[in-house]
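Here's the structure we're looking at; comments come further down.
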Amino acid sequence: MLRTHLITKNTGNSCEKVLVGFLFHRRLGRRCALLLSVVLSGLLGIMACLSNSPSAFPFLRLCQGSTLAGVFLSSYIARKYSPSFDLFLRLEWCDPPHRLMVSMVSGFFAVFAELLLPGLAVLCHDWPVLQAVATLPLLLLLSYWCCASVFPESPRWLMATSQIPQAKKCLQSFSARNGMCVSDELYPAETLLSEMDEVFPEDIQPEYHHVVELRHTRVIWKNCLILGFTLFIGTGIQYCFTRNLHIYSPHFYFSYFLRVFTGALACIFLCVSVDRFGRRGMLLLSAIVTGLSSLLLLALTQYLHGGLVLVLSVVGLLSSQALAMLSVFFGSEVMPTVVRGGTLGLIMAAGCVGMAASSLMELQNNGGYFLHHVIFASFAVLSVLCIMLLPESKHKPLPDSLKDGERQRRPPLFLSRMNRDNPPLLRTQPHSSEYNRDNYSRLVTATKKMLTKDTLPYKISISPQAPLLSSNGTAPDAHEDSS
């Protein structure tokens, strides 16, 4: 029962998320999209539990999966927990050094859910009971509707779309929850709000963007296409590695749990290496290892020892899952805020198409497996060249507007070295200085307040001095001598 459930789940949800990637509404925002998806998925889940028709149950599961895709997409962009601020931090609010950490938390929760699913299937023994158990957590998420402080709207998205009054309310609630002192002259909590009043006019109108506008861009659609292509490869090629695992154990649970454990190892590998070697470098390494493992298994499976085939399958499965996870995370960083929901939905939709291809191979009893392996191995080699065209987003702020997304450029492949034949006469090493925007704004505010005060801490006085020449052109000492 569990194997049939997983195959139909991957096949159905893959097609559903393709639709959600295109229908992620530009005016809803993160909070409204999550709440609407939770309500619809909960209602459809209850209807699936109560349905007795064999034809109505798959249709209701199909509709519920389409709404669950919206829950996953909104949660990935928005909901991350940060104990240091005592609120739910999100990817769009996080500083660059901690973006990877808060994003990988969702990966570990997904691994935990996949480990929990077989146990729930054994305890439930029936489809309606398993459906009810899976729908119950969605009903608990309805508490977000009543408590807006648990899951507020993203101020970054509000400011990027010129919704200034709503952004001010969110920032004021955040400053109140963080306990910032409003009465302090040197560190006022209203400094950012006053700067927003100076930058944005009072009668500004909201500006919404749609993913259709990507046809007028060059860099953004290229990055979206490449990352969708790498995610499609990372999810579709996994079947080429898991098929070799059935030789060592006929049970379904062996390949299932091995895939889940390699997913956990991929999360740990990304947490350790991505912040050190960069997003593009680790994505390129994952694509190279995935392509080499696939090509070796495709050409030398009949000539390799059984243990070596198992090692190559596990390494390829690990690298392909790392490729898929890093593609989603990379896409959330390089896509602009105004279209991040729609573009990330398109990227995830491409990955779900790869999942559907793997599930269809299992439904057809491995019919056309060789062609499937050849196509995805060729795509993996081709993705190595495409990844070199991506920019690097490590320790960089998130782009907000379409212009910010268009300014992203790929770094050079090799660092340029100084010409040793023509060295400079004087080699200067400029002092490295770190620019902190918060400290600079506080210094400017404090300086303005000190200059506007009436009583200054000191007074400049000029002592009177006699002129060197008097009005008649003679020195004063000369008058004294003549007298």
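For all residues, glycine too, the Cβ spot is worked out from N, Cα and C.
Curation does not apply to TrEMBL; its annotations are automatic.
Database features (TrEMBL):
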COMPBIAS  398-409  compositional bias 'Basic and acidic residues'
REGION    398-436  region 'Disordered'
TRANSMEM  32-53  transmembrane segment
TRANSMEM  59-79  transmembrane segment
TRANSMEM  100-123  transmembrane segment
TRANSMEM  129-151  transmembrane segment
TRANSMEM  224-241  transmembrane segment
TRANSMEM  253-274  transmembrane segment
TRANSMEM  281-301  transmembrane segment
TRANSMEM  307-330  transmembrane segment
TRANSMEM  337-357  transmembrane segment
TRANSMEM  369-390  transmembrane segment
Q) Other than its close neighbours in sequence, what residues sit by the transmembrane segment (32-53), given a CB gap under 8 Å and a spacing of at least six beyond its ends? A) 24-25, 60-61, 63-64, 67-71, 73-75, 78-79, 128, 131-132, 134-135, 138-139, 141-142, 144-145, 151, 153, 341
Q | Same-chain residue ranges lying at least 6 outside the transmembrane segment (307-330) that approach it to Cβ under 8 Å | A | 76, 100, 103-104, 107, 227-228, 230-231, 233-235, 237-238, 240-242, 244-245, 247-248, 258-259, 262-263, 265-267, 269-270, 274, 279-280, 282-283, 286-287, 289-290, 293-294, 296-297, 301, 344, 347-348, 351, 390, 393
Q: Kindly report the helix/strand/coil residue split of the compositional bias 'Basic and acidic residues' (398-409) according to DSSP, in that order.
A: 5 helix, 0 strand, 7 coil
Q.
As a test: from 59-79, 100-123, 129-151, 281-301, 337-357, pick the stretch that has the greatest number of Cβ pairs under 8 Å with the transmembrane segment (224-241).
A. 337-357
Q: Sort out the residues at least 6 away from either end of the transmembrane segment (281-301), same chain, that have Cβ-Cβ distances under 8 Å to it, and list them.
A: 230, 233-234, 237, 240-241, 244, 270, 273-274, 309, 312-313, 315-316, 319-320, 322-323, 326-327, 330, 373-374, 376-377, 380-381, 383-384, 387-388, 390
